[in-house]
Amino acid sequence: MYHGMNPSNGDGFLEQQLQQQQPQSPQRLLAVILWFQLALCFGPAQLTGGFDDLNVCADPGVPENGFRTPSGGVFFESSVTRFHCQDGFRLKGSTKRLCMKHFNGTLGWVPSDKPVCIQEDCRIPQIEDAEIRNKTYRHGEKLVIDCHEGFKIRYPDLYNLVSLCRDDGTWDNLPICQGCLRPLASSNGYVNISEFQTSFPVGTVIAYRCFPGFKLEGSENLECLHNLIWSSSPPRCLALEVCPLPPMVSHGDFICHPRPCERYNHGTVVEFYCDPGYSLTSDYKYITCQYGEWFPSYQVYCIKSEQTWPSTHETLLTTWKIVAFTATSVLLVLLLVILARMFQTKFKAHFPPRGPPRSSSSDPDFVVVDGVPVMLPTYDEAVNGSSSALGPGYPASVGQGCPLPVDDQSPPAYPGSGDTDTGPGESETCDSTSGSSEMLQSLYSPPMCQGGSRPAPDTPDTISSTAGEVASTSPGIDIADEIPLMEEDP
């Protein structure tokens, strides 16, 4: 029975050594059984001498970065053990060891050197915020990495900007990808970054905030610059004075913003309100804590409200009052306009327009009708019914008679003599002026007599006598000299 591995694994040297020692005596087997029984009773420490007498090989050990099979037990003569290395390492020397007797009769391992696991290749380093280009690195090769955007490569040795793979599988002067280091934060404030992040790429902006009751002193925002330093020093949060309890209000209370009101720090706003049935005496109901004092500093009071809603009857009465007042105002304005108009009319009647009176003798007004000058009546004549329409010295014609000059009028010597005295020229003049006389008689009523009676209508005798007294147009009045009718062309 062997406490080890069976050496039949194809190793010629070990198989040859074992074949020479194949016969085993029964006495040796009994000795091993006896030794185990004594070890259970007295312990292995008291049987050291006996263990040496049994001729077993010492424990070969386990190489660093490796392991062996079997991992434990007692190794007697002809026992075999195997050694293995972890990934990335290789075993230096033989992987098998044989327990065999030397020439002096003692047992030992063949080969006798201790197994060693050496690193075959340099492992890929774990560099934060970097990408490794190659996957395997042999002895003497350089490490090639790319840092993430915003980070820069930094070497421990500033004079040796390269990292090489050593013989033992380790790296020399291993670099890192570095950004701006995490800045300090105030104990009374906070920043908008993760507590596990230690390096920040270029362009990162960190915002500082203070807890309520503290004021920020310094720059509020910090930026990571290209030289991997922050734009300014971290700010501080300084404690502010806390305002006292707001003034209490009878029949009311207050609420604060922001809530809850654990401390009345700088910037806290208090809003007052009254209980139902009460109202504030002032329209302004807010006060603000500013550097330990309330602003504005005034006392707030709540008084009982006495407001009553008007009834329907009172509302209608108020509406009618408004309508009546509006209608009365409109009527009064209209009455004033009418009175002003009447006063203006009477004023014009009593006070005629100013100006010098017209003189009919000095500056007569004439109208020429069919070549005959006709005097226009004055205002008084038109009102009183006067019909003196001819110019001075020309009496009004009656019926179909023609006007005659005053100087030339003479009663006929004999009745009916007007027919014989009238010349042909005078008859034509009478015919031409008869139309204008009829028009004037239609415009003006006949004048009243001095006694108040109308003149008697013209009789045929009168008409015939008047017709005979037709004035000649050639002598008497020079019409062209008195009134220019039309400017003739030369």
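The count begins at 1 with the first shown residue.
Any Cβ shown, glycine's included, is placed from N, Cα and C.
Taken from Swiss-Prot, the feature compositional bias 'Polar residues' covers 430-444 (among others).
The annotation compositional bias 'Polar residues' is assigned in Swiss-Prot to 461-475 (among others).
Under the heading compositional bias 'Acidic residues', Swiss-Prot lists 479-490.
In the structure as shown, the Cβ atom of Cys99 (disulfide bond) sits within 10 Å of 26 other Cβ atoms. Positions annotated as disulfide bond by Swiss-Prot: Cys57-Cys99 (among others).
The disulfide bond annotation in Swiss-Prot covers Cys85-Cys117 (among others). The secondary structure of Cys85 (disulfide bond), as reduced to three states from DSSP, is extended strand. Counting only same-chain residues six or more apart in sequence, the Cβ atoms lying under 8 angstroms from the Cβ of Cys85 (disulfide bond) belong to Pro63, Asn65, Gly66, Leu91, Cys117.
Positions annotated as disulfide bond by Swiss-Prot: Cys122-Cys165 (among others). Counted within 10 Å of its Cβ, the other Cβ atoms near Cys122 (disulfide bond) come to 24, all protein chains included. DSSP assigns Cys122 (disulfide bond) to a strand.
Sequence-distant neighbours of Cys177 (disulfide bond): residues of the same chain at least 6 apart with a C-beta under 8 Å from its C-beta are Ile127, Glu128, Asp129, Ala130, Ile145, Cys147, His148, Phe151, Lys152, Ile153, Arg154. According to Swiss-Prot, the disulfide bond annotation covers Cys147-Cys177 (among others), on the basis of sequence analysis.
The feature disulfide bond is assigned by Swiss-Prot to Cys180-Cys224 (among others). For Cys180 (disulfide bond), applying a Cβ distance below 8 Å and a minimum sequence separation of six or more within one chain yields Ser199, Phe200, Pro201, Val202, Thr204, Cys224, Leu225, Leu228, Ile229, Trp230.
Sequence-distant neighbours of Cys237 (disulfide bond) (same chain, 6+ residues apart, CB-CB distance under 8 A): Ser186, Ser187, Asn188, Gly189, Cys210, Phe211, Phe214, Lys215, Leu216, Glu217. Per Swiss-Prot, disulfide bond is recorded for Cys210-Cys237 (among others).
According to DSSP, Cys243 (disulfide bond) is assigned to coil rather than to any helix or strand. According to Swiss-Prot, the feature disulfide bond maps to Cys243-Cys289 (among others).
As annotated by Swiss-Prot, disulfide bond applies to Cys274-Cys302 (among others). There are 21 other CB atoms within 10 A of the CB of Cys274 (disulfide bond), with all protein chains counted. In this structure, Cys274 (disulfide bond) is part of a beta strand by DSSP.
The annotation domain 'Sushi 2' is assigned in Swiss-Prot to 120-179 on the grounds of sequence analysis.
The domain 'Sushi 3' feature in Swiss-Prot is assigned to 178-239; the stated evidence is sequence analysis.
Cβ environment of Asn104 (N-linked glycosylation site): no same-chain residue six or more positions apart lies under 8 Å away. Mapped onto three states, the DSSP output places Asn104 (N-linked glycosylation site) in coil. Residues or ranges marked as N-linked glycosylation site by Swiss-Prot on the basis of sequence analysis: Asn104 (among others).
Per Swiss-Prot, N-linked glycosylation site is recorded for Asn134 (among others). Listed in sequence order, Glu141, Val144 are the same-chain residues at least 6 apart in sequence whose CB falls under 8 Å from the CB of Asn134 (N-linked glycosylation site).
Residues or ranges marked as N-linked glycosylation site by Swiss-Prot: Asn192 (among others). Sequence-distant contacts of Asn192 (N-linked glycosylation site), defined by Cβ-Cβ distance under 8 angstroms and a gap of at least six in the same chain, are Ile206, Ala207, Arg209.
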How many whole Å apart are the CA atoms of Cys274 (disulfide bond) and Cys289 (disulfide bond)? 21
Neighbour tally for Cys57 (disulfide bond), based on other Cβ positions within 10 Å of its Cβ: 23
Taking the Cα atoms as reference points, how far is Cys57 (disulfide bond) from Cys243 (disulfide bond) in Å? 86
Using Cα coordinates, what distance in whole Å links Cys302 (disulfide bond) and Cys243 (disulfide bond)? 23
Cβ neighbours of Cys117 (disulfide bond) where a neighbour is any other Cβ within 10 Å: 20
Close in space, distant in sequence - Cys289 (disulfide bond), Cβ under 8 Å, 6 or more apart: Val242, Cys243, Tyr264, Asn265, His266, Gly267, Thr268, Val269, Val270, Phe295
Can you grab the distance from Cys99 (disulfide bond) over to Cys122 (disulfide bond)? Cα atoms, rounded to a whole Å. 35
